[in-house]
Amino acid sequence: MRNGTVITEFILLGFPVIQGLQTPLFIAIFLTYILTLAGNGLIIATVWAEPRLQIPMYFFLCNLSFLEIWYTTTVIPKLLGTFVVARTVICMSCCLLQAFFHFFVGTTEFLILTIMSFDRYLTICNPLHHPTIMTSKLCLQLALSSWVVGFTIVFCQTMLLIQLPFCGNNVISHFYCDVGPSLKAACIDTSILELLGVIATILVIPGSLLFNMISYIYILSAILRIPSATGHQKTFSTCASHLTVVSLLYGAVLFMYLRPTAHSSFKINKVVSVLNTILTPLLNPFIYTIRNKEVKGALRKAMTCPKTGHAK
């Protein structure tokens, strides 16, 4: 599109260098998406169906699983479209809406993970006070606050983005409407908006990462004070899954977004985005359940109850 022409739509390039692999990639990503929905949905259903799992840790895990379902759903359907048609077009309002929900859910996810770290800290470092501090009311307030803060931060950024006139190149070298590539189509200088975006990113990502690190420093200190090696292993196993998810998510996102994105190369970012958008939400249910005896026991109970009832 010529410069000076007002843009009403964007063209998503997706992965143009993988000609001939569209069909197998479509099938692989579609199956991954279905497994992600099923895995995270099963976590939510299991927690709500099993009274023993209705404690703060699993309440926040349900929030995380719901966010993972929503996070992948904001991107994967359009990504699949790039494998089907040669020219994937998305209208301006749809593009901005996709960007809003994608970053809103992603921001909220960081905040929920931070609350989960705090819950792990209380469980291990202050086990006697944990039940009186992490009440159902406080859990609900913390989760709701995460959603509200995530919404507010991204909504303010989106409102600024909507005000921009777009008249440059409307081709986005990505598989979804990322903010960085979209800014390259703006008719005016976007340095201030980029700076505000970096500030918001620093507040959310490194800010929450610092809180997570402090929580785990206290947790590891408490674990090291346990006299027996068996106690070390048993206590650490209760937070190992959460630490794994935190490492995966923060590692990918810190690499992608802690730069002024409008002037960066997005080729490597696209690969990391695929891992962050597709694989991490798929792996989370397995990471949280593979060493969790309570969840595995609840799943086993859910699968065997119908058979028992039928035998009677």
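Placement of Cβ uses the backbone N, Cα and C atoms for every residue, glycine included.
These come from Swiss-Prot:
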| type | residues | note |
| --- | --- | --- |
| TOPO_DOM | 1-23 | topological domain 'Extracellular' |
| CARBOHYD | N3 | N-linked glycosylation site |
| TRANSMEM | 24-44 | transmembrane segment |
| TOPO_DOM | 45-52 | topological domain 'Cytoplasmic' |
| TRANSMEM | 53-73 | transmembrane segment |
| TOPO_DOM | 74-97 | topological domain 'Extracellular' |
| DISULFID | C95-C187 | disulfide bond |
| TRANSMEM | 98-118 | transmembrane segment |
| TOPO_DOM | 119-137 | topological domain 'Cytoplasmic' |
| TRANSMEM | 138-158 | transmembrane segment |
| TOPO_DOM | 159-195 | topological domain 'Extracellular' |
| TRANSMEM | 196-215 | transmembrane segment |
| TOPO_DOM | 216-235 | topological domain 'Cytoplasmic' |
| TRANSMEM | 236-256 | transmembrane segment |
| TOPO_DOM | 257-269 | topological domain 'Extracellular' |
| TRANSMEM | 270-290 | transmembrane segment |
| TOPO_DOM | 291-312 | topological domain 'Cytoplasmic' |
Fewest other C-beta atoms within 10 angstroms, as judged across C95, C187, which are the disulfide-bonded residues: C187
Criterion met for the transmembrane segment (270-290) and the transmembrane segment (98-118) (at least three Cβ pairs under 8 Å): no
Overall pLDDT of the topological domain 'Extracellular' (257-269), taken as the mean: 57
Tertiary contacts of the topological domain 'Cytoplasmic' (45-52), as residues 6+ beyond its ends and Cβ separation under 8 Å: 58-59, 61-62, 294-295, 298-299, 301-302
